[in-house]
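Taken straight from TrEMBL:
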- 466-644: domain 'Cation-transporting P-type ATPase C-terminal' (DOMAIN)
- 687-701: domain 'Plasma membrane calcium transporting P-type ATPase C-terminal' (DOMAIN)
- 6-33: transmembrane segment (TRANSMEM)
- 441-462: transmembrane segment (TRANSMEM)
- 514-535: transmembrane segment (TRANSMEM)
- 555-572: transmembrane segment (TRANSMEM)
- 593-614: transmembrane segment (TRANSMEM)
- 626-647: transmembrane segment (TRANSMEM)
Amino acid sequence: IQYFVKFFIIGITVLVVAVPEGLPLAVTISLAYSVKKMMKDNNLVRHLDACETMGNATAICSDKTGTLTMNRMTVVQAYIGDTHYHQIPSPDALVPKVLDLIVNGISINSAYTSKILPPEKEGGLPRQVGNKTECALLGFVTDLKQDYHAVRNEVPEEKLYKVYTFNSVRKSMSTVIEKPSGGYRMYSKGASEIILRKCNRILDKKGEVMPFKNKDRDEMVRTVIEPMASQGLRTICIAYRDFNDGEPTWDNESEILTELTCIAVVGIEDPVRPEVPEAIAKCKRAGITVRMVTGDNINTARAIATKCGIVTPGDDFLCLEGKEFNRLIRNEKGEVEQEKLDKIWPKLRVLARSSPTDKHTLVKGIIDSTVGEQRQVVAVTGDGTNDGPALKKADVGFAMGIAGTDVAKEASDIILTDDNFTSIVKAVMWGRNVYDSISKFLQFQLTVNVVAVIVAFTGACITQDSPLKAVQMLWVNLIMDTFASLALATEPPTESLLKRRPYGRNKPLISRTMMKNILGHSVYQLTVIFFLVFAGERFFDIDSGRKAPLHSPPSQHYTIIFNTFVLMQLFNEINSRKIHGERNVFAGIFRNLIFCSVVLGTFISQILIVEFGGKPFSCTKLTLSQWFWCLFIGIGELLWGQIISTIPTQSLKFLKEAGHGTTKEEITKDAEGLDEIDHAEMELRRGQILWFRGLNRIQTQ
């Protein structure tokens, strides 16, 4: 019975060691550790898996305002009364009547929640609260030495007769007030090309009203608006209209918003964040395409995209406006056609004057596209409520932590707590790091599994007893599973991760190089262990441990085998830190304290087990020279690792990759041949497929 129990224990132990149960642990530890660390890089991860998906991103569709730029708008140029001022004019240069119209037109016709507050720190910039574009205009009023508070106190919010709020269709905002002398006055502001189309008069130098015809408008667009826009300025037009004869029908918006009188056009600058151009260059090196989707004028958008490095002079990339984009991708019925979209998106870099629907269409089109050999993985940034659908549709949605609405945050996977584009690049780095960490652990784990199982099984077959005892196997299992997943899954990311292209969605987890390492190290370890089992007693000149009776005390022979095995795993753990065939396996080892402490801790525990483990661990004390031999064989792993990395992977064509992702097509392909769809049969077939897949998985393990 005791023999039977012993064999049963050996059988169970082989099974326990054979299954790599540390893998789910490694994946979870790696993701959880990354998420915790990403918080320091201003990425608040809401869905764990988004972190890994980000490592494979091939396209980023980014907003402009606040993400690529600083979202600190300031008016830097103005066109008032036939004069183009390249700096802010002094109040004396303007006619009092015009100055008064500008101050009222801005102060009254803007949300009263937009304010400019004194700076928090001495000598800092004034704080902008509310809508940033309106804050820029209020700052313009302040620069003209006027006080917008006084105007707002005179005309409080209750006195506003009617307000047409800003939305993405109107692209303008208007406020109507009652004039003291009777009648109404409406102030309007909005995108210059839209408001100027509604103007038929303009104020000249003296503040007199002059007619404003189509040719004047084209002239103004050419001489004022385009030069401003090509410098990356957002142009806003301020206008007004008086209603003196009775009250018009306010609901008929198209009639109200015509025959305006243009007061001024201002150019607002939103400077590019200084760190963005470098971040975009990193993305390009990493094989990620950055596209800018913005509501701004196309010239402004192109200028900012050039400053960021999204488009460089001489490229044949597309910059489209929303209208043009829709015209190119929709058929006569107004439906989006994937073939048409496939012709456009690969070259599209800037989408200007775009609505949230355009953003969603673009994201969906890129994701559904089958142009490249691999499906694109798209990340999207958004801050508004109407960005929700695009954020949900994208593979990874980034919401803005500062400027973002709650709806956008709910729809997103990751929240950028500093609204900064560089944080997205950090997320890519962490995502790639997660993938690499799991691969490192797999490489280590599978080597141990292969060796431990073969040694236990063959040993048991030949010598009637496993060279590695049950408790020893469990100790090996503990160090290799739990501690190794801790050590290898917490490697910090390095910049070199951004120097390669994305892996793609169905790249196998175990690459050829890793397969080469796993097999190579297994060969070394098996050779050493079998040499020790069958010739170790002659080599060390000690008693043989083979064929020992049932309750004999632990032998030095088998203790040496156990010790050598564990030390080889320890040094192979250092080898496993690199999976792309790098030579220097120690690079950056001290940056990872967890790794160092795990290796040291395991080594110290191993000494204690061998020296004081005694009967429970089937160990006995070893002499110093035997210890040095064990260590020497262990360190041989590092040298062997160097030899393996000299063999070019290309020459080993017989090595297969493993761990492919299964695609959805595999399930649906089987259902395509049926003339009529029978759901019960499809369920049955899907059940069979899943059953076979399960069997396959067990077989692989």
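Cβ coordinates come from backbone N, Cα and C, glycine included.
The stretches the transmembrane segment (514-535) and the transmembrane segment (626-647) meet in space: the count of Cβ pairs below 8 angstroms, excluding pairs fewer than 6 apart in sequence, reaches at least three. The domain 'Plasma membrane calcium transporting P-type ATPase C-terminal' (687-701): residue composition by secondary structure is 14 helix, 0 strand, 1 coil, according to DSSP.
In the predicted model, the domain 'Cation-transporting P-type ATPase C-terminal' (466-644) has a mean pLDDT of 89.
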